[in-house]
Amino acid sequence: MAMASLARRKAYLLTRTRYAPSSSGSGLNYSSARCFATSGSDENDVVVIGGGPGGYVAAIKAAQLGLKTTCIEKRGTLGGTCLNVGCIPSKALLHSSHMYHEAKHSFASHGVKVGLVEVDLPSMLGQKDKAVSNLTRGIEGLFKKNKVTYVKGYGKLISPSEVSVETLDGENTIVKGKNIIIATGSDVRSLPGITIDEKKIVSSTGALSLSEVPKRLVVIGAGYIGLEMGSVWGRLGSEVTVVEFGPDIVPTMDGEVRKSFKRVLEKQKMKFKLETKVVGVETSDAGIKLTLEPAAGGEQTIFETDVVLVSAGRIPFTAGLGLDKLGVEMDKAGRILVDHKFTTNVPEVFAIGDVIPGPMLAHKAEEDGVACVEFIAGKEGHVDYDLVPGVVYTHPEVASVGKTEEQVKALGVDYRVGKFPFMANSRAKAIDDAEGIVKIIAEKETDKILGVHIMSPNAGELIHEAVLAVHYGASSEDIARTCHAHPTMSEALKEAAMATYDKPIHI
């Protein structure tokens, strides 16, 4: 089967062009880039509204392709939600809080004796802010290097080729462009009857900057963001309770892996109230009283806490952009509708990232941005949303690509499953961090990999071998017969692949 798989791969590579039509629709410390206000007579090839992961990547790529490019960003710092108040600061706090937790609970077993271990929250938050500042300045440096014009202000479309910008210094300017890309990202989804003040009732943004470790924290929503931020404050000493309307945490996750993940979080003292809704909030100096009720209705209960994190998802940020006046079509969820070239129904206007259908992830937005400007430049671009990896950055992390077992079952495809626990992985045992599993789902007849799911330390790094394998149509035998260095965590992926088409060695 391995030789047949190799032959299939060679044939695939010979016939596959680099881009195919879509089937699914530096912490460098540069000085600040100059903020230009283009005059009405200056016409750009590309104007990007939004400087987040999708927008700034699109702008840089467009400039690299020889297109005169301007990027407009209202925040005053580049990187969008992800870099400023999302992916990057949360990962900084996840790492710092994990270091504290390890020092407090694990160092002694490794023969490292320390004295009193305390949380210095201002220093921890300062390290987070420093990382963000360095990275935002790094993007400004990349703009300067690639000759991207950067306008700081709020952009609004007044025609298919003109953007009116209220600059941060109080002026107004018109930026003209042959092609305009909407890359304004997303915003926090609010809940009826709950007012976010970013002090006691916080969004993910406020949860990054709490002035003290709350004794009790309630997280509303058991998705990626809620579980990550709940983990941060739980490690630092908070009693964390997650309230979720649905029956499961992270509903997009493979069911078997999700159950294991929930058990791990519960071992870390995170508590869950599933199939529960918040119907009332009362705030006082003494704290917060939440009125809870079963999702299906029933007897209400009062739950007291000190801080509430509202983490019920995100919504596209399209308000105030002038899209309605231009007649840009959107769906009921407020997402901009585009074709496979990211073009809206207004030919000169494009959209990428969180404002269009697809997973709301920074790396997906980056891929959108590159593909979009390649189309604008007369080339071919492609993003396969079925191959966008997802990662929950808790400890252990959970990462996946492709289909879950539930999805494969629903398709009626005959399949095989191979699993391998990290308890049987020598590197994981050596470092005493062996909580987790690798699960591979492959088509029974062809052995083609359909999905890979990993729960382990650094699963977000391990998943990319699987992403590449699924992208090129690999079989589980292809991974199983690929030599993996020993001892490494990645050997668990190899063993799971062996378990899928044959038998593993070490269990």
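The backbone N, Cα and C atoms fix where each Cβ goes, and this holds for glycine too.
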Where TrEMBL annotates a disulfide for CYS82, which of CYS71, CYS87 is the other cysteine? CYS87
Over all shown protein chains, what is the count of other CB atoms within 10 A of the CB belonging to GLY221 (NAD(+) binding site)? 23
In sequence order, what residues of the same chain, 6+ apart, have a Cβ less than 8 Å from the Cβ of ILE225 (NAD(+) binding site)? SER90, SER204, SER311
Residues with Cβ closer than 8 Å to the Cβ of THR184 (FAD binding site), same chain and 6+ apart in sequence? ILE49, GLY50, GLY52, GLY55, PRO316, PHE317, THR318, LEU321, VAL355
Express the predicted model's confidence over the domain 'Pyridine nucleotide-disulphide oxidoreductase dimerisation' (388-497) as a mean pLDDT, rounded to an integer. 98
Of all the recorded positions here, CYS82, CYS87, LEU227, MET360, ALA362, which one's CB has the most other CB atoms within 10 A? LEU227
Of the recorded positions LEU227, MET360, ALA362, HIS486, within 10 Å of CYS82 (disulfide bond) (CA to CA), in sequence order, we find ALA362
Could you check which of the binding-site residues LYS91, SER186, LEU227, ALA362 is the closest Cα neighbour of HIS486 (active site, proton acceptor)? LYS91
Cα within 10 Å of CYS87 (disulfide bond) is the criterion; apply it to the binding-site residues SER186, GLY221, GLU244, MET360, ALA362 and give the hits in sequence order. ALA362
